[in-house]
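See structure below.
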């Protein structure tokens, strides 16, 4: 699941066609962009998503100032984080209906990996919610998405500020290892609790003659972070 940082920098959209809330500003979009109605919808979508992640950023800062500590800040932004990260599922639909020229498969992979981490790991294993690793990936995601959705919005409006373009293709140097480290450490922290509770696991015998070990599945997820061209983080 982990991508080479150079790939993210060069292609800028998750392996050449990943998540694209508003489409790319490159040559392909100039040749054939979305129609007026689709463009208006995508602008609204990306503005809302930018605002949502800004709410998360402000929530983190306010909670830190109020508590005087960075520990357990996740609880202060849990609801908006779940809402706006899950809202990214619409990006799969954007690709499927053709208003964004990106791969449905890659976009699905990239979006679902984040949704999985939020719901199937962080939400499901309450014990990891106070881990510092959660804050690590939340901060990385928040900065990434504010930049990404701003980039798409201004690209659709044909007015892309240099600072946003620079941030999108430069800050991954810090955000990439930060986000991936947080994700891996969070999954690792969840493993003993998953094993102890048998979370989401199905054991034999049963009438379907089927078994599933969620603990082993999470280990496979961690192994999949070995660098490959299509990891969804950070600038997919």
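Glycine is no exception: its Cβ is also placed from the backbone N, Cα and C atoms.
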Seminar exercise, completed: TrEMBL feature transmembrane segment, matched against 133-151, 152-170, maps to 133-151
For this session: Please give the sequence-distant neighbours of the transmembrane segment (39-65): residues at least 6 beyond its ends with Cβ less than 8 Å from one of its Cβ atoms.
Result: 21-23, 33, 73, 76-77, 80-81, 83-84, 87-88, 90, 94, 99-100, 138-139, 142-143, 145-146, 149-150, 152-153, 156-157
